[in-house]
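What follows is a set of notes on a single structure, which appears directly below.
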Amino acid sequence: MFDFSNVTIWFDALLRQTLGLGDFWSILIECILVGVLILAGYAILAICLIFMERKVCAYFQCRLGPMRVGPWGIFQVFADVLKMLIKEIFTVDKADKLLYFVAPFLVIIASVGTFSFLPWNNGAEVLNFNVGVFLLTAVSSIGVVGIFLAGWASNNKYSVVSAMRGAVQLISYEMSLGLCLITAVILTGTMQVSGIVEAQVGPWNWLIFKGHVPAIIAFLVFLVAGNAEANRGPFDLAEAESELTAGYHTEYSGMGFGFYYLAEYLNLFVVSGIATTVFLGGWAPVNIGIEGFDGIMNLIPGIVWFLGKTFAVVWLLMWVRWTFPRLRIDQILKLEWKYLMPLCLINLVLMTIIVAFGWHF
Amino acid sequence: MANIIMFGILAVVILGSAVMCVATKRIMRAATFLLFVLFGVAGLYFILDYTFLGAAQLSIYAGGITMMYIFAIQLVNRRTLQGLVEHVKGSRAIGAALVTLAGFLTVTIVLLKNEFLFRACEVADEEVSMNVIGEALVGSEKYQYVLPFEFISVFLLACIIGGIVVARKEKEDK
């Protein structure tokens, strides 16, 4: 398997030895470079996801989707982005201007922060802490504050009510997400993202196979809760323009709205990426125990596996989104507190028993 | 070098946000600045390489407590919060100054007497492994904390039940 740390070690040696820079400057340059790469990847993936969403949605509804701008409509998203960038940014009268401008940044910080935890390849994790998964949930919880402040700072009662609704939904579903991740952590015995992936390399070692029943339950609950956490699918109350006057970002225009839009799509990718990392093996290739087959599969680089699996999960979530009708807020909360969370707790106990007795594969 | 620069940046963020949090007149802004103070403190833990405490700080204070404050502000009637003025009295100011001074002196004396600063400089920056923290939390050996852990969980359970009881009572009155 291709180890990306070769490249990073080579680059580090280039800065330190060939160019003779000190500790401070080489670390600074590396940090800036990694930051730029993360943001570039974020933007490129956002464009891919928006285009994919429009096309998938169109085909589910027996339409063609955007076809006019460029061949097969592939420049449509660039046109949208351009429109978003040149729109006028205006504020509401008597609104709290400072909070109005801070709120989208909190949301985007939470989104980029969780995005940087994803393991792209063998040796290509950006944030790889010992407390990995826990820190990831911690960073993602910052977004709730951003959503709430957006509603408050808009000086619009519909926005405030909608922000309350959104915040309650996010806080509730964080519970299930956390419990599902803990279930996986029990099986792997580590919270570090790279450790979780390394535990899944090898034939039939993906957690979803290794942990059989509880892992499959955790994976399914994770997908449902992740869909709610990304404000999508049947849980997209904030997007209900006709019924609920859109939501907490009604009063935003231009890039303020653009940030919420970006964060929504990237949260979809991040949720799928985490589901892939934790349950479907991250960059680990498909291995079935036959040497020739495994050898060929191992030749395919890890990033292809990671992106392939993640986009498969993204496609699954889009399928759900365009199939199920929207839920009401009381139904959303009922689903979480009365069904998903108790299921997760029981599942946690089940997984602990299975790991304690060694009944996993 | 890099540590000192980062510490300087965080110190400016923490102190600036703390002052703004107290000085601002709008309660929602105060909550937001409090959030930035808590972020800054989490950053300090990350500089010390104590990532577990940093993550706990982010998830509990930034994600949980601030959210609770914001919800509480929402549930309070807006008129009770508007135009709320408090006059500074001389006697109270002196009392507050005395308490602050006493706190400052205690911290300084403890710091100097135990030579925390020098010892902190001697210890190498090492990330404490998650396994060590987990075993310390639920172990019953020396320097392990299963008893406080259980006490806190019972206490929290009592708080949850109490919250439910308080919430249900109002409903029955209607």
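Heads up, residue numbers simply count up from 1 along the chain you see.
Glycine residues also receive a Cβ, built from the backbone N, Cα and C atoms like all the rest.
Here is what TrEMBL records for this protein:
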- A:24-51: transmembrane segment (TRANSMEM)
- A:98-120: transmembrane segment (TRANSMEM)
- A:132-154: transmembrane segment (TRANSMEM)
- A:175-197: transmembrane segment (TRANSMEM)
- A:203-225: transmembrane segment (TRANSMEM)
- A:265-284: transmembrane segment (TRANSMEM)
- A:296-318: transmembrane segment (TRANSMEM)
- A:339-359: transmembrane segment (TRANSMEM)
For the transmembrane segment (A:296-318), name the stretch out of A:24-51, A:132-154, A:175-197, A:265-284 with the most CB-CB pairs under 8 Å. A:265-284
Considering only Cβ pairs within less than 8 angstroms, which of the stretches A:24-51, A:98-120, A:132-154, A:175-197, A:265-284 has the most against the transmembrane segment (A:339-359)? A:175-197
Any contact between the transmembrane segment (A:24-51) and the transmembrane segment (A:265-284)? By contact I mean 3+ C-beta pairs closer than 8 Å, pairs at least 6 apart along the chain. yes
Given a Cβ distance threshold of under 8 angstroms, which distant residues of the chain, six or more beyond its ends, lie next to the transmembrane segment (A:203-225)? 173, 176-177, 180-181, 183-184, 187-188, 274-275, 278-281, 284, 287-289, 294, 313, 316-317, 320, 335-336, 340, 343-344, 347, 350-351, 354, 360-361
